[in-house]
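Report on the structure given below.
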Amino acid sequence: MKRAAQASDEPLKKRKTAREESSDEDEESSQRTTSQDSSQSESLSDVEDHKPSFSRPSDSQNSQGSMAHNEASNKFAMYNNVSQKLMAKMGFREGEGLGKYGQGRKEIVEASTQRGRRGLGLMLKGFQGDLNVDWEDEPEPSAIEQVSWFPESSPEIPDSDELRDWMTIGEKKLKIDDEIEFCSENLLHLLLRCKTVFDDLEGEEMRRARTRSNPYETIRGAFFLNRAAMKMANMDHVFDYMFTNPKDSQGKVLTRDKEGELLYFGDVCAGPGGFSEYVLWRRRWHAKGFGMTLKGANDFKLEDFYAAPSELFEAYYGEGGIDGDGDITRPENISAFRNFVLDSTEGRGLHFLMADGGFSVEGQENLQEILSKQLLLCQFLTALSVVRPGGHFLCKTFDLFTPFSVGLIYLLYLCFERVSLFKPVTSRPANSERYVVCKGLKPGTDAVREYMFTINLKLNQFRHSDRDVIEVVPLDIIKGDTDFFQYMIGSNESYCAVQIKALAKIHAYVRDTTLFEARQADIRKECLKLWGIPDKARVTPSTSDPKNKFYELVKGSEMDSFNSRPTALNSVNLEKLQHVLDYRCIVGGGEQLFLLALGRSQIYTWDGKAPSRWKKLENFKMELPRDTLLSVEIVQELKGEGKAQRRINAVHVLDALVLNGTDVRDQHFNQRIQMVEKFVKAVSKPSRPDMNPIRVKEVYRLEEMEKIFVRLEMKITKSSGGMPRLSYTGRDDRHFLPTGLYIIKTVNDPWTMAFSKSSKRKFFYNKQTKESTYDLPATSVAPFYVCHQDRLFWAWEEGVRVHDSQTRINPDKLSKDDVVSFIHKHYQQ
């Protein structure tokens, strides 16, 4: 769940209805989606509203003609002739009671006004009359939304000294009704009055009316974890997919699927993780998420990501890493999260950050803005700490009436190219929720970040005192920026008016349970279609048998190639390597296996021998996205030497077949390696030392084989009895005991590669047609099955000399000098 452990959408029986002011996130499990939902305890008067009206009594019954008698008769005018005849048979006469002596009740028994679980006779003061707000002129519901941006900011970002002078300390304030600098007094007071009306109303009664009154209500969470995912889908579309498909200032896409870096994003204060589930559903293994939220009941629920691969998301909880508390208001947690993100993104930062924090303010709903001020500040501070220049930020806010809140918005306005305050249709209109959307972080914002950090230190210092930070930007500076000031007032008053109408509408729907929004189903379909979201139900992912899943993924093609074993390289077949440019080579460290992932820790391996028997990967802690098929080795990695040496089993990827459902077998070998490197980077979790690592093998060109021998050393291992053994050190300073060299043909017959001495360029040559071309011919690409079945393996066994310190040499076996001299002979630039 979110940081808001008890947001307004939670089905808490005793919660007051005014909690429309808190987040409307996690109610879908307790609510029905029918448009005419009504309580089982509806009053009789509500039921009567569905009956046909009764006709007046006949003229013969009005023969006395007295005014008093007419008034009495009018009491029964609502009943038809049949009803009156039945009463007449029982001896009923107007003005008299039933019974032998007319001793029965003379007045009509009034219909019950009891609703829900109210106490008998309880009359809710706010629901005895109208609110005198015309809500019926609201605009027609539509899936089309418009974005209004702040004017582009012209002021320069102040330096640290000037910013420090902006902070104003004063007496802590716990009232909102006098905050009229950024909203008209009449609108603010009317809004507070409309909220207060619901204070004594039972929560369930309010929720039923809200469900019927909101035309967008049945969109809910679709097939995602919760409604937050659909809010993100909604806003991603409205803002032209600037989050899931970011572009530079020239409109060039920054993160393509086949090439380019991962889409790095962050999600803070956002358990259980609906925002992230949407992003990962949209981009899958081409994205990597980092999250920080409160541990415990409000934590991320990654196991409930049914629509997207949660294995691509790494939760981090600030100081202490996975053992931290995730409290974003602690300065040390923000600093730790910043360092972790920068380390994980090669110092570049995130493409965008999402923040959706909130917490329960039960009983103090009107003060939500004031009570949430530090949370809002820390989310803004985190954005400036982890978002890269040009990156984006999206954060939930509530009312923005106080100078403190507006000052924070002004600081964002200075730091980003464009800023908007936006309320998506997936956010219920009766609450004060809206989102600040920031596009294009400007360079040189460190001074503002440090200023926000200082403000947070002050707020922590004042937490238990009557002092507080009341302004972060002087009011005269805000008012002096006319464009910003006018936009702020217009935005506040616009959303205030929308909220007032929505509250009045709910008030009317509480009073009349027959009212409902007839277009809910149509609007839902329109929105899902516009946002590109399939209209399907949320279902638990099905479990699969590994053997059946394997056949499903490979589609029965080239099955024999899986059983092929590598050809041993020797002096006889060394001639196969005469077209040197056709080959790549990889250092082996164990038996080649096929690895199949069915999601999270459901991982199986097969040695490639017939018949196929998939075995669960035991004694491994690793999580991989479902529908993934790789060619791998299980290698024991070593770090250090002697008694201090540490060992860990790792998965080393040789090649990729299917990546989270994406079949890459027909891609060029180099392309497959690039894609699986991207995939491995997305699933790796450096913050989890308890998990076994997964790495992609380093690939060398055959003509550059000598680079491999530079990485070979003789090292002492614990199991070697003090004798040095041949070791290969990888890119991450971990080494392993090499078993030999895989040599992989990446050019498909009849094509080969050669080097043109005249043009000093490599070109492709067709041995059958004699065609030559510098461009890569599609038919020259060797798919996986060709690479796999035509591979050679040069075993570095006893008697094979590949390191200068090795003294035992078998002249019948290929040594380093033999292979290197052969390569030099056939490759001359």
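Yeah, the Cβs are placed from backbone N, Cα and C, and that goes for glycine too.
In Swiss-Prot this protein carries:
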type: REGION; residues: 1-68; note: region 'Disordered'
type: MOTIF; residues: 2-16; note: motif 'Bipartite nuclear localization signal'
type: DOMAIN; residues: 79-125; note: domain 'G-patch'
type: BINDING; residues: K195, T196, V197, F198, D199, R210, N366, L367, Q368, N431; note: substrate binding site
type: BINDING; residues: N226, C269, A270, G271, P272, G273, G274, F275, D327, I328; note: S-adenosyl-L-methionine binding site
type: ACT_SITE; residues: K396; note: active site, proton acceptor
Ranked by how many other Cβ atoms lie within 10 Å of their Cβ, the binding-site residues P272, G274 are led by G274
Using C-alpha atoms only, work out the spacing between P272 (S-adenosyl-L-methionine binding site) and the residue listed as 'active site, proton acceptor' and round it to an integer in Å.
15
When distances run from the Cα of G274 (S-adenosyl-L-methionine binding site) to each of the binding-site residues V197, N366, Q368, the nearest one
Q368
Candidates N226, D327, K396 (recorded positions) - the one closest to K195 (substrate binding site) by CA:
K396
Tell me, what is the mean pLDDT of the motif 'Bipartite nuclear localization signal' (2-16)?
38
Tell me the Cβ neighbour count for D199 (substrate binding site), meaning other Cβ atoms within 10 Å of its Cβ, over all protein chains shown.
15
Between the two most distant Cα atoms of the substrate-binding residues K195, T196, V197, F198, D199, R210, N366, L367, Q368, N431, the distance in Å is 22
Need the DSSP three-state call for A270 (S-adenosyl-L-methionine binding site) to compare against my parser.
coil
In whole Å, how far does the CA atom of D327 (S-adenosyl-L-methionine binding site) lie from that of Q368 (substrate binding site)?
19
Collapsed DSSP category at K195 (substrate binding site)
helix
One of the recorded positions V197, N366, Q368, K396 has its Cα closest to the Cα of A270 (S-adenosyl-L-methionine binding site), namely K396
Most crowded position, judged by CB atoms within 10 A, among V197, A270 as binding-site residues:
A270
Check: min Cα-Cα distance from K396 (active site, proton acceptor) over binding-site residues V197, N226, N366, Q368 goes to Q368
V197 (substrate binding site) to N226 (S-adenosyl-L-methionine binding site), Cα to Cα, whole Å, comes out at 29
Under a three-state DSSP reduction, the secondary structure at K396 (active site, proton acceptor) is strand
I need the CA-to-CA distance for D199 (substrate binding site) versus N226 (S-adenosyl-L-methionine binding site), whole Å please.
27
